[in-house]
Amino acid sequence: MSADTLQIAYSPCPNDTFVFDALAHGRVPGAPALDVTFADIDITNGMAERGELDVLKVSYAVLPYVLDDWALLPCGGALGRGCGPLVLTREADADLRGRTVAVPSETSTAYLLFRLWAADTVPGGVGEIVVMPFHEIMPAVRDGKVDAGLVIHEARFTYQNYGLHKLADMGEHWEHTTGLPIPLGAIIARRSLGAPALTRLADAVRASVRAAWDDPEASRPYVMEHAQEMDPAVADQHIGLYVNEFTADLGEDGYAAIRGLLTRAAAEGLVPALGPDALAFP
């Protein structure tokens with residue numbers, strides 16, 4: 001591994017493999033080489049807090065804890081509309097007051113959106129929060145081990161297969177109350193890489209996104225290799241939902257959404273407050 005190689009971790013989900021395919025396979029001229037580790041977002045959040053690797057895909061929820069050492073890239077992440085986490089239940093109109101809810105992580109953006117939704121809509125609050133691996137949540141709700149489950153990503157397209165009902169869409173609630181897109185996943189890189197390297201990396205990520213859009217079939221082998229037996233049509237839906245203009249560039253609305261989420265979460269005591277320049281790049 002050359003000194004120029006960056007160690008990166010992102011998830012095996014189709015949006016990440018689609019975005020990074022060209023970059024990971026040396027098809028972006030002048031870009032740094034990548035040494036890729038696949039890890040779920042709960043793992044990468046922990047890596048960020050421990051200062052591991054050079055570049056990570058993390059939850060926006062972890063940013064307030066790590067931005068002293070890590071810079072938020074203005075591209076490569078996941079924001080969008082109509083793509084928020086869902087709360088699923090066995091019964092169509094379940095009351096979640098005092099009920100047990102399974103979540104994939106307590107340091108995820110989905111969890112922040114859920115807590116903000118619950119603060120607005122569940123008088124007295126929900127009951128016990130149980131953290132469990134993402135793939136176990138829908139079966140646990142179906143089997144009555146928990147009263148409700150918070151799910152993300154492809155579960156939007158598959159929850160009916162488990163006989164479950166959508167109680168609420170966290171993204172709809174967020175969009176309705178703020179008018180902003182839903183911040184989900186961020187790309188961060190070590191500030192110690194220095195401004196020139198960070199800028200070069202951001203340019204390379206943007207080029208990788210554009211390459212994937214220009215020739216979607218080129219990324220398909222990489223996407224499907226890591227898509228955990230996902231139906232190709234579901235993988236395409238997943239990419240269509242999570243890879244969008246905010247992936248190429250956060251822009252004004254993207255930054256407003258991130259700052260809005262983290263400011264509101266800080267006001268609820270869920271995360272530390274952000275400094276005024278915390279989101280600046282590089």
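From the backbone N, Cα and C atoms, a Cβ is placed for every residue, glycine too.
What Swiss-Prot records for Lys57, Val58, Ser59, Thr109, Ala110 is substrate binding site, and it gives sequence analysis as the kind of evidence. The annotation active site, proton acceptor is assigned in Swiss-Prot to His153 on the grounds of sequence analysis.
Shown here: features listed in Swiss-Prot, placed on the structure.
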{"residue": "Lys57", "record": "substrate binding site", "CB count, 10 Å": "27"}
{"residue": "Val58", "record": "substrate binding site", "CB count, 10 Å": "30"}
{"residue": "Ser59", "record": "substrate binding site", "CB count, 10 Å": "23"}
{"residue": "Thr109", "record": "substrate binding site", "CB count, 10 Å": "30"}
{"residue": "Ala110", "record": "substrate binding site", "CB count, 10 Å": "27"}
{"residue": "His153", "record": "active site, proton acceptor", "CB count, 10 Å": "25"}
Pairwise C-alpha maximum, in angstrom, for the residues (Lys57, Val58, Ser59, Thr109, Ala110) that bind substrate according to the record:
15
Collapsed DSSP category at the residue listed as 'active site, proton acceptor':
coil
Compute the centroid of the Cβ atoms of Lys57, Val58, Ser59, Thr109, Ala110, then list the same-chain residues not in that set whose Cβ lies within 8 Å of it, in sequence order, for the substrate site.
Ile41, Asn45, Tyr60, Ala61, Val62, Thr107, Ser108, Leu184, Gly185, Ala186
To the nearest Å, how far is the Cα of Lys57 (substrate binding site) from the Cα of His153 (active site, proton acceptor)?
15
